[in-house]
């Protein structure tokens, strides 16, 4: 009945129309959860929709914009970006999941009342339901079984929400992409035009020297020269971008060799004894007579200028040429071929792509250069023609280059061809027979033409601005498509489900009018006290009997009294029985209770004492009571989680230490950023964090649920600290604050654990990072290292001087395994490492020229003798044992009649008392082993009336054989000497019995041998008295060492002549002479070996690391939680001993048990709302009756001491 006595039908559903009178007058204001308010639901669902839309829109812009630039120097392991892209999405996902978790809890909390409001609800669907404290997955299946579909969908959404969190951590990816920056401008410094100073031949000589050095050492070309192309000088924007490409239009020269090959050669010995050679190619004929090629000659070559039908140009520098090659194998077989070349040049404007780091470029397109210039001008000197580079006639300036050098150019070029062919897989003979000499000639001649073009077809000019675009590797932030689409689908599913849940739940709860929020003991008492279920059993009855009894009944929410009542039909049937507890179904066999004991309150107070696990007779046979402990609070379960936390902490610290230097190898950087590995390093750690967080949240929930009962067990507990308290519905942070105020420290510790475990999820998602680091590979075998020894190479010093002249002009890099002062032996790098980004460290043999020393020697006046028309200079004493014969020196200098500004030298200083050094066969090489003097007058013209300024620089050539630890760049062969000690092992270089007696060839004086049986003899030898030059060098003209020194000195402040006057030229001599000896040493003083060396390879590769910051934070959280968790579990176990629970205290059935035999219902009305309950119970004192297990309120006279507490006194 309601308060007016009106009977409410069990099937009455129009509950919304009823109004419950309020105690103070007026109508009751019904309670509705905050999370189920329309505005809150709309906010949450719109937030989900907004995030879903933002993901797809973000992905769209990520695709069309190719991600977003990451400012600064951030990389894949940059702390700020790395954590921001992991933490922020996870925090947003956690926020959405957290908001829905509140909604889900209120839906689950209301579900029993919705069933009860419908009436005729079985206890299994109402009183025994505890979805709130069940795991989400368990709640999902239980709700499906109970046909609570809204709860099932809500639980499924929560499970879905947890899947969103690790996916959110993987939504962003940072990748290095090739990116075009906004248009910029660069500066160029050349205009096309013939440099009339080409007649000094320094550029031509340097270009030819570079060809020879390239064929021998495979070195790099000058900046802005490649293949057939030469570009004007460009200022690369290295300050803007360290590694990238620039796209711009520049002036360029294209040099085409236009070579063809022909084997149409006839050789016949003439009557005169000469060899007549006749050949034809491309309509051009040659007819020359050469000395008969001696027997045993392996290689014969000659550069010939043929006669062509269309050749009317009188300038020899523009004529085509022909290279004649003859090879005679050891068996006497002869192979010969001719290569005909007619070079041309094109002046164009080229669209180029230039690598900023290396200067390498690609020509994508070009158009003809149309501005006025003296290269393509039809009326000019060149008329668009190309220099052939082997012979030069009178220049437009009227100067005629010295013809002495032309033979050098021819021999240098053909030697380069021979070297290139011999070093090819097919060898020299194979290249001739297969017409391979054509491709070798084209390659080397193209390089010669383009290098020469760079030096003589561009004039230096003021800087001009050119528009350009820069493309570079840029670290950009991307949205990962796969994660985005999955997340969007999940969010849309979340949205649709959320809309359905809110709409359907609003209909279902329309019949429900709750005056108070469920959750507190006070609310439970309000719904269950004074129910018609009273006096059907005692509170102390075991849970299994209690459940069996209630399972057969049906219940409803009486809207008149706001009480949960048993269905009337069940009540009437139950009243027909004499006593429900006399039935064997509900009590143990032999147990008997009288009606007076069952229904009399005094008897109830002495029926039995609530002691878990013990049989306590107290006037009647006692009931065996077992204490209920939730799974997460069982000690073995709690300790397992603590041990797991400790294991994870140890694994994190170990992971940091193990990955500190090397990390773990990953197979493919693309798979690491977009594929499986990207998710593998994010999802499992995040899933583990979610699991730990869920377990601690589960534990925390039960601790907070049980706290009011523990408080009541102590007795004298105010309502605000017990039956009105509901920690479980508050945020953990509020729980920390409220628990501290109420001195519930176990609740505080438990809430702290939950708050800190929330930080585990984003941190776990960022625990791994992929970095490009140096990885060490020890024990790599290096094969075929060169060993010390003398290796006769008659062009070693020549190519060294040619390279230095090219280097002084074009600033090219050194050949492989050579730098300014060191030359290390060749060795074969394993193919698996060759060319990779990294370095190799090995102990090997090296030569050092660091000990080579040069110094200025004081000179007396150098004056002109008008009588003899020669310069006079007194003899110079170099040191105690060495003098310089200046008379001979000056005669030599004047006889050469040099007029191109170069200087003459050096002179040889022979120690007066030194015995001649002979080879084993008697050859005198003493001169080639002596110290040297550079005699350097200023550049002409000379004023014979004035004193002639000269510099005399005395140098002692020295090479040290060292055992060096070197680090070699695998990409380009550049190396650094890390440590070096003198090599004391026996070798043919330092052995006093070998040719050099441990000395070093000075490289400036010819040393010769005259006997074929000498170790230095080679196939050039004539059986009788043919001289073999050891250190041949063209001293008095380019390409020479002096040409390189002169070129380098011109680039110093004040130039060459200032260096002579102030003595600073000695520094240039020191540097270039040391480099000269080092370059030659690489060819002369190493021989091929066949052993192995052990090396350590360091590779730059992408590897997986544990990020220290995240690992240390996680370890601190896990260890802290383990300590606090151990305290919570042990302390709570002790507290539960003081307040045993016969049943789970979270269901409405448990609330019934707590209010039976209780006097609380006497002061609580069913329609009391939360405000009224607070007023009524807030200042009362409560206790848990030790006899009945019910909650009692202290009366005005005070409570009975025996009933005051279940705690032992």
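Numbers here mean position along the shown chain, with the first residue as 1.
Using the three backbone atoms N, Cα and C, a Cβ is placed for every residue, glycine included.
Remember, TrEMBL labels are computer predictions, not curated facts.
Check TrEMBL against the ranges 3-22, 63-82, 83-102 and you find transmembrane segment recorded for 83-102. Among the residue ranges 563-588, 589-614, 719-744, 745-770, the one that TrEMBL annotates as transmembrane segment is 745-770. As annotated in TrEMBL, transmembrane segment covers the listed stretch 635-656 rather than the other ranges in 437-458, 459-480, 525-546, 635-656. Same-chain residues lying 6 or more positions outside the transmembrane segment (635-656) and placing a CB less than 8 Å from one of its CB atoms are 688, 692, 695-696, 699, 767, 1106, 1108, 1111-1112, 1114-1115, 1118-1119, 1121-1122, 1125-1126, 1128-1130, 1133.
Below 8 angstroms of C-beta separation, residues 68, 92, 96, 99-100, 103, 171, 478-479, 481, 484-485, 487-488, 491-492, 494-495, 498-499, 502 of the same chain, each at least six residues beyond the ends of the transmembrane segment (39-62), sit close to that stretch. Proximity of distant same-chain residues to the transmembrane segment (485-504), defined by a Cβ-Cβ separation under 8 Å and at least 6 residues beyond the stretch ends, is recorded for 36, 38, 41, 44-45, 48-49, 51-52, 55-56, 59, 96, 100, 107, 150, 153-154, 156-157, 160-161, 163-164, 167-168, 171.
Through the fold, the transmembrane segment (745-770) approaches residues 76-77, 82-83, 86-87, 90-91, 94, 165-166, 169-170, 652, 666, 669, 672-673, 681-682, 685-686, 688-690, 692-693, 696-697, 699-700, 703-704, 707, 727, 732-733, 735-736, 738-739, 1102-1107, 1110-1111, 1113-1114, 1117-1118, 1120-1121, 1124-1125, 1127-1128, 1131-1132, 1135 of its own chain, all at least 6 residues removed from its boundaries and within a Cβ separation under 8 Å.
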